[in-house]
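J.: First the structure, which I've put down as structure tokens, then a few questions once you've had a look.
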């Protein structure tokens with residue numbers, strides 16, 4: 001399945017570490033082919049268990065072979081051996097992980113706060129990427145800022161979930177079923193029945209917009225993960241951020257309809273956001 005994109009480990013040079021987890025690391029690197037190509041590399045340390053090495057390959061294969069301006073899939077892989085761990089190779093993105101970028105915007109004086117136009121522009125990029133996945137009959141199951149990358153022009157690409165649980169452990173919770181899941185991003189049917197459809201990706205996208213507006217605050221920060229299902233059943237949702245226009249919050253609220261059939265499709269979300277983005281441009 002991966003033979004067509006397999007490369008020898010000697011073709012890669014790993015440079016500075018971008019993100020480090022308990023057993024996973026993401027690096028800036030170079031892939032030495034005809035020219036030195038800048039890449040981003042995900043791998044695991046020698047401390048990783050065999051099942052953790054297997055999971056990074058499984059998750060990394062989600063978007064294998066997909067080419068779209070708003071999708072960021074692996075371009076090459078080094079398969080594990082007795083002496084080396086698996087390595088996933090991605091095209092370089094200048095700002096890398098979207099969640100980390102948002103957090104830097106909040107903490108660094110060097111970054112200007114994002115304006116509404118930039119936020120809506122990034123959300124539009126995500127709708128395009130996920131629409132493409134759905135046309136390929138792929139349900140992502142974990143749409144979130146942590147699973148996107150962004151460049152310096154605010155172009156966003158949806159990426160796979162490889163190492164997301166290790167890099168962002170506070171975003172995942174185990175409800176006694178021996179599996180860490182992104183509880184506070186999940187639609188109710190995904191949370192309770194493990195049912196994932198394009199409509200459940202829509203729900204998660206609504207939470208992603210909230211992340212963009214709040215510069216990656218934790219959604220439902222005061223709600224116990226074990227109480228999330230009951231909280232959502234009772235009709236409660238995350239509150240409208242202070243900087244969130246009513247038009248955008250109306251889009252988010254539609255994404256969180258309990259009935260999956262009542263949620264908009266990504267094509268409709270793109271049109272709504274594009275119209276609002278164009279209207280914003282008239283006032284600049």
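Counting begins at 1 with the first residue displayed.
Every residue gets a Cβ built from N, Cα and C, even glycine.
A TrEMBL annotation is a machine prediction, not a hand-curated record.
The following feature annotations were taken from TrEMBL:
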- 12-277: domain 'Protein kinase' (DOMAIN)
- 142: active site, proton acceptor (ACT_SITE)
- 146: ATP binding site (BINDING)
- 147, 160: Mg(2+) binding site (BINDING)
J.: If you measure residue 146 (ATP binding site) to residue 160 (Mg(2+) binding site) at Cα, how many Å is it?
T.: 10
J.: Tell me, by DSSP, whether residue 160 (Mg(2+) binding site) is helix, strand or coil?
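T.: DSSP assigns residue 160 (Mg(2+) binding site) to coil.
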J.: Three states by DSSP: which one describes residue 146 (ATP binding site)?
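T.: Going by the DSSP assignment, residue 146 (ATP binding site) falls within a helical segment, counted as helix.
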J.: Inside 10 Å of the Cβ of residue 147 (Mg(2+) binding site), count up the other Cβ atoms and send me the figure.
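T.: There are 28 of them.
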J.: Any idea what the model's mean pLDDT is for the domain 'Protein kinase' (12-277)?
T.: 93
J.: Compile a sequence-ordered list of residues in the same chain as residue 160 (Mg(2+) binding site), six or more apart from it, whose Cβ lies below 8 A from its Cβ; state 'none' when nothing qualifies.
T.: 59, 60, 61, 62, 63, 73, 74, 147
J.: List the residues of the same chain that sit at least 6 positions away from residue 142 (active site, proton acceptor) in sequence and have their Cβ under 8 Å from its Cβ, in sequence order, or write 'none'.
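T.: The answer is 161, 164, 182, 185, 204.
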